[in-house]
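If you scroll down you'll find the structure; I have some questions about it.
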């Protein structure tokens, strides 16, 4: 399986993401610059964290206007897996690929620590290697991870089982219903504030994030090999 | 040249923790009459000669980039300049 790690000016988790795929997962991966106009050779798209365009105006707003996002929307429509982590999640909401928005953390602090997540839906291509209700340790590092959407959108998220991860115990940012990660209705676009790529080996304090990438590969192999 | 002033604010339904912090400080300074503070963004666009309709173009810019209508409202004023 061949992954693309998108790189915007200001991305800073692209190397972690690349490392997780290449060295921990053992799959093919390439960096793709934001002005790329073709993603057809890739089977999965990873939108990494960081501060694209310095978070100017709004997190993810300017990145959403780059060439590569046209291709990401195409890939998403084709059913390819698209994962956005942290700033990547913010970009995917700005792009309209995921509903809602990420607001400033309620306590106004940049939160950087390992948190516990609950797997709310293990019936997705991103979570099939987790147990339903499993508690996993994944680091967060964000100042604007407070998920918000209107009541109608929230009702839809719940009705369609689109809430994939919630914060277990402490909610670090004030997000609605403790939401940490959501998937689109079609089930192939996941956005999450916590960083699974930073939890891909025990030496980093946790390897709980690796199962997310293994899930993607398992699903892809079943469909393509 | 035409100057356009764009104001972007969080929707009423969206919590503004920055505004709440500023209100807290104002209250501590003795301005207890301040019931609420909302912090927003102010953008000044200088538009050069164009055949396009400025109102509809600025509205388009707001919808596409300057505001995120999921969480923000916007309004703008167009001022002719010499």
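Just so you know, glycine gets a Cβ as well, placed from its N, Cα and C.
In case it's useful when we look at the structure, here is the feature table from TrEMBL:
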ACT_SITE  A:86  active site, nucleophile
ACT_SITE  A:195  active site
ACT_SITE  A:197  active site
Taking just the CA atoms, what is the gap between residue A:197 (active site) and residue A:86 (active site, nucleophile) in Å?
11
In whole Å, how far does the CA atom of residue A:86 (active site, nucleophile) lie from that of residue A:195 (active site)?
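Rounded to the nearest whole number, the Cα-Cα distance is 7 Å.
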Including all protein chains displayed, how many Cβ atoms other than that of residue A:197 (active site) lie within 10 Å of its Cβ?
30
If you run the three-state DSSP split on residue A:197 (active site), which class comes out?
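DSSP assigns residue A:197 (active site) to helix.
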Hey, does DSSP put residue A:86 (active site, nucleophile) in a helix, a strand, or just coil?
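SS state of residue A:86 (active site, nucleophile) = coil.
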Please list residues from the chain of residue A:195 (active site) whose Cβ is under 8 angstroms from its Cβ, counting only those at least six apart in sequence.
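For residue A:195 (active site), the qualifying residues are A:13, A:16, A:49, A:85, A:86, A:138, A:139, A:140, A:141, A:209.
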